[in-house]
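Comments concern the structure below.
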Amino acid sequence: MTRAISPLLPIVYSHEVAAAKARNAPIVALESTIITHGMPYPANVEMAKSVEAIIRDGGAVPATIAVIEGVLHIGLEEDQLQKLAQLEDVMKVSRADLAFAIAERRSGATTVAATMIAAARANIAVFATGGIGGVHRGAEESFDISADLQELARTRVIVVCAGAKSILDVPKTLEVLETAGVPVVTYDSHEFPAFWSRQSGLKSPLTLESPAAIANFQKVRDQLGIDGGMLIANPVPEEHEISREEMEIYIGRALSSAEREEISGKEVTPFLLDAIFQLTEGRSLKTNIALVENNARLATEIAVAMA
Ligand code: PSU
Ligand code: MN
């Protein structure tokens with residue numbers, strides 16, 4: 001149930017996104033939490049710029065989404081992107097707090113869930129990111145399940161990711177997606193990927209082998225009147241992957257420090273990512289950047305195929 005955007009909502013399109021909308025050109029949405037909470041400066045802004053360039057090269061227009069001083073931005077100008085990447089106290093904004101950030105004139109970086117809401121309101125059908133949030137290990141105690149999963153169930157956006165990070169409980173994450181009726185499609189592989197690694201040991205619920213097939217699948221969902229999003233899992237390119245066995249060691253250590261330091265709620269994901277960055281001496285970050293770039297490429301091909 002998408003309500004029309006109120007003309008009073010403070011929303012601003014970047015110049016290139018406004019032009020793309022006017023000529024009905026393909027657009028790919030991008031989140032901003034990955035910039036502010038997922039990677040250190042200046043690697044974060046370099047990643048954001050290279051991902052935008054990849055989307056332009058593929059014949060679509062990038063729309064990085066963020067809230068800046070209470071205004072919802074669909075697409076950022078370069079100076080805005082530079083500034084956002086260096087902000088210290090930017091909120092991490094999900095479904096629960098997107099409206100809060102706007103109402104209170106705050107600046108907020110959008111998670112997968114909040115980016116999907118904004119993209120759907122702006123009629124953008126495809127969104128590229130790194131990894132989605134999911135069911136955390138130990139969720140049976142902590143109840144820590146990302147709002148990203150519910151958003152995938154309700155909001156019609158195709159989210160291209162590299163699978164679920166193995167800091168999560170990946171089998172439980174797939175179970176919740178199945179319960180919510182979210183198609184999980186792995187691109188060109190029968191195994192669901194685990195972000196830094198191509199392998200998770202889990203079979204992918206669905207597999208498709210071309211952007212055209214993904215676009216066609218979405219078309220049939222639309223014809224059936226099935227709303228909600230879908231998740232495309234795109235395995236990290238082999239030359240950039242860190243094996244599952246090796247990652248397990250770092251993840252175990254990162255999870256122990258999180259427990260020791262009593263990290264909870266929204267801080268969990270950024271804390272673990274940073275701990276793993278330290279433990280791998282920066283290799284995890286290189287892999288993270290490579291997989292986001294790879295996802296931007298595929299998302300662009302899907303957006304072009306849908307146009
Ligand atoms: N995975 C990453 N980097 C990130 C995130 C996930 O590798 O920055 C962010 C995304 O924005 C995702 C959010 O939507 O973390 C999930 O957070 P939570 O588990 O608190 O919902
Ligand atoms: Mn959480």
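Backbone N, Cα and C define each Cβ position, glycine as well.
Per TrEMBL, the feature active site, proton donor maps to Glu31. Secondary structure at Glu31 (active site, proton donor), as computed by DSSP, is coil.
For Asp148 (substrate binding site), the same-chain residues that are 6 or more apart in sequence and have a Cβ closer than 8 Å to its Cβ are Ser94, Thr111, Val112, Ala113, Ile132, Gly133, Gly134. DSSP assigns Asp148 (substrate binding site) to a helix in the three-state reduction. As annotated by TrEMBL, substrate binding site applies to Lys92, Val112, Ser146, Ala147, Asp148.
Within the same chain, residues at least six positions away from Asp144 (Mn(2+) binding site) with a Cβ under 8 Å of its Cβ are Val135, His136, Gly138, Ser264, Gly265, Val268. Residues or ranges marked as Mn(2+) binding site by TrEMBL: Asp144.
Counting only same-chain residues at least 6 apart in sequence, those with a Cβ under 8 Å from the Cβ of Lys165 (active site, nucleophile) are Gly131, Gly134, Ala194, Phe195, Trp196. Residues or ranges marked as active site, nucleophile by TrEMBL: Lys165.
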Report summary line: In chain order, residues whose C-beta lies under 8 angstroms from the C-beta of Ser146 (substrate binding site), counting only those at least six residues away in the same chain, are Thr111, Val112, Ala113, Ile132, Gly133, Gly134, Val135, His136
Query raised in the report: Between Val112, Ala147, which of the binding-site residues has the fewest other CB atoms within 10 angstroms in the structure shown?
Result: Ala147
Query raised in the report: Near Glu31 (active site, proton donor), which residues of its own chain have a C-beta under 8 A away, given they sit six or more steps off in sequence?
Result: Thr64, Ile65, Ala109, Thr110, Thr111, Val112, Ala114, Thr115, Phe127, Thr129
Report summary line: CB < 6 Å to ligand 2, subset of recorded positions Glu31, Lys92, Asp144, Ser146, Asp148, Lys165, seq order -> Asp144, Ser146
